[in-house]
Structures are given as structure tokens and as C-alpha cells.
Amino acid sequence: MSDIPNPFEDQSETLFDLNLDNPDDDDTYDTEKRKDLKKSSNQNIEFINEKTAKSVKQQTISTPGTDNRYSEDYTIENDINVDPFLDDVELSWNANPDDGNDFDINIENSGRIGKRPSIWARAWYKIKPGSKKKQSTNRFEMQNYNAVVADANDDDDVYLKSRDRFNMKIIFNKYILGKYGTSSATDTSEPRLIYLNDKRNNATLGYGDNHISTTKYNFATFLPKFLFQEFTKYANLFFLFTSAIQQVPHVSPTNRYTTICTLLIVLIVSAMKEIVEDIKRSRSDSELNNSKARVYSEMNGDFVEKRWIDIRVGDMIKVNSEEPIPADIIIISSSEPEGLCYIETANLDGETNLKIKQSRVETSKYIDSRNLNSMNGRILSEHPNSSLYTYQGTMELNGRSIPLSPEQMILRGATLRNTPWIFGIVIFTGHETKLMRNATATPIKRTAVERVINLQILALFGVLILLSLISSIGNVIMMSASSHLSYLYIKGTNKVGLFFKDILTFWILFSNLVPISMFVTVELIKYYQAFMISSDLDLYDETTDTPTVVRTSSLVEELGQIEYIFSDKTGTLTRNIMEFKSCSIAGHCYIDVIPEDKEATMEDGIEVGYRKFDDLKERILNTDDPESQYIEMVLTLLATCHTVIPELQSDSSIKYQAASPDEGALVQGGADLGYKFIIRKPNSVTVELKTTGQTLEYELLNICEFNSTRKRMSAIFRFPDGSIKLFCKGADTVILERLDPENNYYVESTMRHLEDYAAEGLRTLCLAMRDIPEEEYNNWNKIYNEAATTLDNRSQKLDDAAELIENNLFLLGATAIEDKLQDGVPETIHTLQDAGIKIWVLTGDRQETAINIGMSCRLLSEDMNLLIINEETKEDTRNNLLEKMRAINEHQLSQYELDTLAMVIDGKSLGFALESDLEDYLLAVGKLCKAVICCRVSPLQKALVVKMVKRKTSSLLLAIGDGANDVSMIQAAHVGVGISGQEGMQAARSADFAIGQFKYLKKLLLVHGSWSYQRISVAILYSFYKNIALYMTQFWYVFANAFSGQSIMESWTLTFYNVFFTALPPFVIGVFDQFVSSRLLERYPQLYKLGQKSKFFSVTIFWGWIINGFYHSAVTYVGSTLFYRYGDVLNMHGETTDHWTWGVAVYTNSLLIVLGKAALVTNQWTKFTLFAIPGSFVFWMVFFPIYASIFPHANISMEYAGVLSHTYGSAVFWLMLLVLPVFALFRDFIWKYYRRMYVPESYHVVQEMQKYNISDYRPHLQQFQTAIRKVRQVQRMKKQRGFAFSQSESGDQERLVRMYDTTKRRGQFGELGDATSSNPFNDSNGIRNIDEGSISIRPKTDARGFKTDDLQSFESFDL
């Protein structure tokens, strides 16, 4: 068989045939997307009909317009066109891993498609020489995406690996039965086969269902994953080892079951917490999986309602407007002309502009659901992969082969907008969808405190071994050197054996150096803290009935140590709702509601301030007012110069379908002011004047489309009076340089108003016009048409043609659109910055828009110096970063000056800067800046940025977002926060914390985060301290008991120490203690830096508590031995103190000291504190008499027989309880006094203010800061004006708007016919073929996409 190119293989050689994008357009979403789309556009896949193929031995696939120049030496742009998310082998259906030759597809036997090779073929492949997968040396520059989410070096799908790692079914099938039954393991050497209207055959192919799961565990994986997670904690391994030693006979000095029982309790409590949290995730998943969708029923011939989880590959579904897409689908038809539809992908890629998808013309006629069952055939599709912007497949429909491209693919996670309905065929479901392929399994995160504890426990192991060695060596020495103690040892005892046995004995005796109960206490504390966060009404969003949800309670203390926040913009900081706020016309500003103290006044001959919209409406009716004509022109421009489609609703209202939310806001603003856009036809628009009831029709002559280079859009109309006018709207920088230098009267006043708008953070736009003489227009139109029909650099020539007509403009005014922020965003960001948190905003918006939003949300302040990095090459990016670093170092900026730096970098430069040789420069500059904005970034780059900072610094990172495109970023950070927003729940389900709005982040971090960090820190430190304070008395005692390993206290009493008598103080401190009130923590955000600087928990603080514990244990032991040194007489019978009576006294004294220490470190006394600290001591004093009186009679704790009367009846016992605790805690009290009086921390000062209710009211300072900010805003805007306007750049807006004739009524099924359907060569399929022998004649389209009517303009194609 001849070598036939594979349509699923890289076809980069054909890139020179077509110029699909503007080489000067530097504002496309990102390099990956542009090149993927280019690649897909060039690959027109057509499968030869099977009937024709019967005459040949093997059916093949051909790609028209390409030749067989496919060798390793001919790989034009191969490094950028290879799909970065796929294996090299996965690029083809039948890739031979042994060589680099051309790939082919063998589908001679269609029944074999989708099946796995035979067992013999698989065995031969495994033993075949050189059959290892060949790695390509050509790699996409962002190939390491998987390293972001799973630190994997290969390009296999990370999600499935992480999800299936503990999947018992897959493991059993793979290693026991030798089966690969899951769809994830389906052989990729054959295309994915999907039958149309044949559920039975589709069911046999074994494709997965449409469920999704974000849980950590399932029934099979819980035990191994949980135990693995728990025993990565060194403490649990330590206690497991200790439990094993206790089972050795004649080794343990204590009861053999004390440690193992406690360890089991720890594991059970931890397991219950994990189960409860995972059940919450499961319920959230179930809510989504049970959402309703309309699925086509072959039996009923119509759509029936089903759950999302019941959707299967091959199902036909119907999606209505404003509904999310439940699975990856191929669009069949829609209600719009030629199968068009609008989708919002903010949930996928963060872009706010609507995208246009279009069905194939062969399927767009299926608008009646009753005709769907006539669709017979199959789809040959690529296999599931994670590339969001590519798709390749072929539909064989009723004997015809139809190529499928990304233009027909709509992904799960998108939302249908401005389109009543669409029909689609499901291609990928559940975890095979591209959205889920870009996700990872829920990671197991460890906190910084846990990591520190883990390392310190290793150090404590060393201390424990040292103590055991000292005691064991002492025992051997005592045995050898002390002749008077020889009777204690059995003759012939092996000293070496005794030494090692003693090590085990003393290991057990000192094992409580590490408090096992601490882990139960900490788990309970964290769970209760999570409960209190969820119950906080200040974190409850009443409008959406959304409480704050803690999905991972083990991370609560991390909230108090965050140093970097990585935030999405759309839906997180902004609402993605544009509102027409104000306009400037002929030197006057108009607004709906005039702000306080903003009435219009004259300053230096310019009117500043606002007039009301009512004033504007009155002036337009006054024909004697010279400014009425300018107002009329502005409103006419708003109502006509756009690409919006009006949609008549059932209630007779009009809904504007706009690809850009800015355009929709402008048209709606014009309608609100009396100029209502009501009808669009292919060659005209109609506007209704509300004030007069008159309707005016304007003939649309030309549209000069918007792009990022032009930064403007123009439309040429013929007015009802026959005059020709050009309307232009765009950035002030491009409009000003095209104005008539003589006859513009309002430039200065309009610029002043633009400065005021920009100072308020509004999105500004300049409006201009000019009258065009008929002759000039005719001459220009010829130039425009020539540019529109050229095949050589068409985009640039169209821009050049527009330049010829867009000059000598008259400035009419300006508009201001508010990109409405989420409530409280500016205040929250400003407060978080004051708390020492650096905020990086990662957005898909343009640079100017991002800066504008940064100003409005107070991420950027007026006195900041922006470090702009916007380069085209890697070398330029390197030089830019080095130059900025050099300048900062040379000027030796102070901390105050560093706080005025902000970095702004675009996606292209960021792609270069994230490479290994530049990322250090990027991070060095970014760390010096107070804020960083990354513009035009992809979801991939978001995760890469977070991963880079996480890898290169020791700081704790928080990522927050609300869309599915933010999931990888959220999971890569130490703490992930999802917002239950308009973009769906994917981010909230995958995050550690879910909140209703961004503003709740302030209290979540500053209050709950600070409290949790301080509480957990004290609880952990106290838990270590209290164990050492008691159990180290055992070590001091070995020097007095001949290193025999004798215990001072009874073993069960030792166990009860952590279970009953000291369990409550750390728990109450960890749950209820407040070192500063909530109000003052928000009032003084600088207190948050205590957590960032580890003021409450560090290695130094940890060992300070450990040493203090040793000190208190020494005081207790030495003091008690002095008190009981002579065995004081207890009663008239001359009875003296025995060993266990002294042990009870030591135990009671230690308990009182550690409870006194708890009282000293407690900041807030409540009824719970009284119950926990004094109550625990009272409980012991009551418990001991009862226990010592009853249990010895049951052969339990026989050591206490007769001890009670000798203990409580002794004055020495009570005297020691008065003296030793005071002596031991005196040092702690003096140290605390010294710290507060002479070297106080910031929170000590605030605590004093809180205690004595000292006010700190600073109104004059705040007013001064507001005034200074206003002055700086004006000065800044004079020096640097931005462009803040969002507009679609698809390049075919004119063709799309000319398809619509909104005067036509929708059909029986809600469909809207193509306005160009009158073309005689446009049949119901959208194409009319005239077959003449071997020639297929198709109508030729002009540059704007219109079909011409003369046969001489037809193109012919040879079959």
C-alpha cells in the first residue's frame, strides 16, 4: 500500500498554503490556540466512501491539497504543531513506534475499528526488538503542563493516572485477568467509533458514562490511600514501632496495649474526619451528575429529560439558551442561520467574549427533532485528550463523508448564549471530556506546620535514642561496677544482650516524649474550626444562598500564613457585567445619578462634573440648542455602529445578542437614552426614536472591523437623507491622531472627562464621525473591494484601506462603561495588601484592560510604577527582565519605594519567562513588586506560574478562581479557594475552601486564618510540652533507680494523663481562644504578618517549649525527692511513704504545673476555659480516690492498694502542691511580663487596646489619603492613557451580521433562516452542486463571504 498521510498526524507542511491569521496581530489568546486552530483549518479530512473503496484492497484516508512529503527531514514548524498534551504515538491512529515513517490507517474491516489487537499481536509487540516508544526531540515550548499538576515527566494523561492509581478494579483486571476493560485503556491505534442513532452498538464499545468525581477516595481506595497518608507522618510510624516493641515479652515496663489502643483511636478519628469531608465532595458531585438534560429518544422520536450521568457517547442532546453543555458535543444544527451558535467559554479559558461555533452545512438542515432519526452513519473521532483548541474527526452521514473540526466541537463547561437552542452529538463524556482531562485528581496536601512537626519529630527521635542509650549504658555500667547491687542481676547475664534489651525498654518508657494524643486533638480542633468557618454568617452570601464550605479542614492553619494570592479576574474580581455608566458629549458629562459633590461646574473654561441623563433627553428635543445635533449623532452612533443582533422576545422586549459585553452595554445605553436598535437586515439597520416614535433606516455600506492593532471599529452608513457618514469608536490614543486638526472644539474637555472616567476605573471609548462625499466614497470603495479580494496579506491591506477613510474625524465625545466589580473587591484587595500579601492577577484580558481593572479594584495605586514586559522574542524578554533588575539594584530602593512597583507581563512574554533559564529572573522581579498582573494567559500558564513560585520559594500560596480553567491553578497552590460563581461550580468542587464572593477572603484569612494558625500552634506546642513535663521525670529517675527502667507512676494512670486530665486544655485553646478580636484583626491587617513571619510556630519556638518541658520535669522530680527524701511519718502507727504514694504526688504536681502553664498562655477566658483548666485538675482530684479505692479490688492497678490514705492524708503532699507549681511557673510568668513590658509584639499592643477599649479613629488621615489619591490619579492618566474596551476579533463579524434579517419570524422550531437564502444556488443544504461530468461547480464567495450570482464567478474542483 502506498504511503498515505494520516489526517490525525501533524500536517505542518501545508501551513504555507494559507495565511490564516494576521501576522501583525499580537493580541490573539495565546500561541498554542492560534497554531492549533491553524492546524485544524488546514486539515480537511475526508474519508473515501466505502462503496468506492470496495474495488481496492485497503481503504485509505487522503488529505486534499497535500502531497507525500512526510519525512523526518521535512518538518516545518513541527515543534509547535505537535499536540503538547499527547504522546508522540497518540498523534496517529496506527502509529508504528519502530520508525518515523508515514502513518496509515487500515479500516478495511470496519468491524475491527475500536477493538483491541489480539493477544498474540500484543505479545509480539512486547518482545519485538526496538519496540520501545520512540521519543520525539521536537517539543512544544509549554510541554511540561503535566509537571504542573502531577510532577510527571511523560505526556500521558495525568488525571487518569492519579485517579486509577488505587482503582482496585483496574488493578485486578490488569494484573490478574490481563484485561484492559476501561475506556481509558482503549487502544489508540484505531479511531474512536461512534454510531449515529444506534445506542445498542455504542453500548458495546465500552465508553464511560457521564459522571464526574472529585472525591479523594472510593470504597476500594480508601484504606490504602488513607493508611499511606497517615503513615507518611513520622509520629504514626514511631507509635506503630513502639506498639510492636511492647508486644515483646519481658521488655515493656508498661502495659502492652496502651500505645496500640491509642494509635487505633488516632487512626479512627482521622478516618472519620476524612470520610465526612469526602462525603461532602460526593454530595456535591451527585448534585451536578443529577442535573437534567434533554436526550433524543429513538423510540419516541423526540427529546426526553434525563440526568447528566445517564448521557452516553453517541446520544443526541438538545441544549437551550443559558444552559451549560453537559458533555463534549459536535453541533448538528441550531436555531440561528447556517447552524451558528454563540457560546461563553469563561469557565474554560477565562475569555469574556462569546465564541461562535457553526455546524456543518450538511447537518444544519436537521432542525426538526422528528427528522433526527433519519441520520444514519457513524463518526470516526480522535481519542480523548486534553487539548482544548483542537479536534479532528469525520462524520459518515447517509453515504457522505463530512470532515469535523474545532468549529463544530463544543466542550463541556461552556455555556450556550444568545442562541435559543442547538442539537448536538455526544463525543466525549465524564472524565474523558477535555475539561476533565485538564483536571487532576484531588491532591493530598500537607500543611507547613505539619512539615515542621514531621522534621522535629525526627529530632525528638534522636533525643529519645540518646536518652535510651544513656540509660542503657548506665545500666550496664551499674551492673559491672556496683558490687553491692550484684544480687539484682542473674548470674551469667549477657551484657550485650542486656544493653539492647534495655534500649527497647527505655524506648517504651520514654516513648511519650512524642504525644500521640496530640494528633487526635489537632484533628478535632481543625474539624471544629472548619465547622465554625462554615457557620460564620459574615461569610454567608444571602443573595445566592451560599455558605462558606470547608472541603479540606486539615488546611485551616495555612490560611493564617499566606504570602501570595493568585487570582483569576473574570467572575472572581469582576461580575462580567458591563453597564453603560456615563457619556461625554460636546464637552458635557451626563450620568444617571449624579454623585455627591459632583454637580457640573466650570473650571478653567471647562465644564467638570456631571449632568443628568434627563437633561440630555430634554436637549435633544430642543432643535434650537446647537448641541442637540451632536447628541443625536452620538446616540445614532451607539445604535448603529456595532455588530449586535436584536432578538425579539415573547414579551415584545428586545434582547441584544452581542459577542462582546462592551458592545451590548453601549447599544443598551443608546436604547435607554431613546435611540433603540430594533432591526438588522443584511444591508441596513433600523433605529426607533422613543421620544417621537419615529423609525429610521440606515443603509450599511461597509464595516472596518476591530482588531488589536487598529484598536477601533468603523462603520459607513447612508443616512435617510442620502448623505454618507462614517462612525468610528475606539481608544483615545488612536482616535485623537485621526482628528481634523482645525474643526474640533471639544478635544480638551473630552480629554479631561476621560481622565475623570479612568480615575474611577471605568472602561473608556472615544466616539468620532465624518461626512464622506459620494465621489470619495466610490473611489475608496474600489480600493476596499480590491483589498477584500486579494489573497496576499489581506488583513493588512484591509487595515491600510481603512486608514485612507478614517481621517479628518470630528470628535463627538466619549463613553464610560463600568465593568462591575464583585462587592467589596477594592477594599478587600487593599486590606490584603496592607496585610503583607502579594497579589498576582492572572487574566485573559488585554494589557490595557487588565491595568484598568487593576486600578479600579485598587490592586494598583496611583503612585505605582508599572514595569511593563511585552516582548515578541525570548531574547527581548530576557533583556527586559535583566534591565529592570539592574535598574532596581542600581537605585537601591527602600522598602517604601519597592511598594510602589507593579509588574505587568503579557502571555507571550510570560511563555518565554517561564522557561527554565528565565524563570529565576521573572521571580526575582515579581518578588520585588507589590502586585503582578499577567495578561492574556492561558489556563496552562496559570498553573505554571503558581507551580514556579511554589517550587522556587518557601512561601505559602493561595489560588482563587471560579471557573474550570482555574482548577489546575487551585490544586497546584498550597491552599485552593473556589468561588461558587456564575461560571459554574467546577472550581468550588475542586477547591479546599468554597466561598460565595471574593470579599469573604478578607475575613477568611485575616480573622479565621490568624485565629486558626495561632490556636493550632499553641495547641501543638502545649501538647509536646505537657508530655515532656511529666514523662521526663522518668528519665531523671533512672539515675536513682540504678537504670533499672522502673516507672515512677502506674501505667494506666500515665495513659489517662493524655486521655482525660490534659486533653481538654489544648482542645479548648485550639477552638475558643482569641488572641485578638475579630474586629481588631480586620482593623489592623498588619497583624496578619505574625503568621507570615511564623511568630507563633517555628523551630526555635518549638525547642523553646521542649526545653521548658525538660525544666519543669526537672523541677518536679528534684522538688518531690526533696520533699519526700526522708520518708516522712504519715500517721500514729509510724507508716512511711512508699514508692507509689510518691508517684501520685509527682503526677499530681506535674498535672498542676502543666495546667498552670495552660492558664498562662490562654488569651481569653470563657466558661469553656474554666471547665477545661481548673476543671481538669478538680476531675483528677475526684477521680483518683474513686479509682484507687475500687479498681485494685478488680485486679486492675494493684499498685494503688492502700495508697489513697497515705496521699491525701499527708500534709507534705498538700504543701508540695503549693510550693513546686509556683516555683516552676515563676520563670514563665517573669518571661511573659518582660516580653509584654519591654519587647512587646504588635499583637500585645492591640491586646492592650482591646482590653482598655482604646479608640483609634483617624478620619482626617483617611480624608487626606483620599484627596492625595485623586490628585495622583489625574496626574497618572495625563501621562499614560489606556485602552479598555473588549471586542471580538474573529475577523468575520461583517459576514455574520449580514446573515441576519430580524424582520423574519422564526420558524416552527424556533429557527431563524439565513437572510441570503434567496440566492438561487443556496438550497436547503446550504450548497447547490451542479454536476457536469467530473466537475463539481460550487458558488464562489467574495471577500466578505457572500455568494455571487453570476456563473462566471464559479470555481471548479476536480474530483
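Glycine too: its Cβ is placed from the backbone N, Cα and C atoms.
As recorded in TrEMBL, the features of this protein are as follows:
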ACT_SITE  Asp568  active site, 4-aspartylphosphate intermediate
BINDING   Asp568, Thr570, Asp962, Asp966  Mg(2+) binding site
COMPBIAS  30-39  compositional bias 'Basic and acidic residues'
DOMAIN    288-369  domain 'P-type ATPase A'
DOMAIN    988-1240  domain 'P-type ATPase C-terminal'
TRANSMEM  455-478  transmembrane segment
TRANSMEM  504-525  transmembrane segment
TRANSMEM  1024-1043  transmembrane segment
TRANSMEM  1055-1076  transmembrane segment
TRANSMEM  1096-1119  transmembrane segment
TRANSMEM  1139-1156  transmembrane segment
TRANSMEM  1168-1188  transmembrane segment
TRANSMEM  1208-1226  transmembrane segment
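All features noted in TrEMBL, drawn onto the structure.
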| residue | record | Cβ within 10 Å |
| --- | --- | --- |
| Asp568 | active site, 4-aspartylphosphate intermediate | 31 |
| Thr570 | Mg(2+) binding site | 27 |
| Asp962 | Mg(2+) binding site | 33 |
| Asp966 | Mg(2+) binding site | 33 |
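When Cβ-Cβ distances below 8 Å are used as the criterion, the transmembrane segment (1055-1076) is approached by residues 255, 258, 262, 512, 515-518, 521-522, 524-525, 528-529, 532, 1010-1011, 1014-1016, 1018-1019, 1022-1023, 1026-1027, 1030, 1087, 1147, 1151, 1154-1155, 1158, 1161-1164, 1166, 1168-1169, 1171-1173, 1175-1177, 1179-1180, 1183, 1243, 1246-1247, 1250 of the same chain, each at least six residues removed from its ends. When the Cα atoms are compared, Asp962 (Mg(2+) binding site) and the residue listed as 'active site, 4-aspartylphosphate intermediate' turn out to be 8 Å apart. Highest Cβ pair count under 8 Å relative to the transmembrane segment (1139-1156), across stretches 1096-1119, 1168-1188, 1208-1226: 1208-1226. DSSP labels the residues of the domain 'P-type ATPase A' (288-369) in these numbers: 13 helix, 34 strand, 35 coil. For the domain 'P-type ATPase A' (288-369), the model gives a mean pLDDT of 87.
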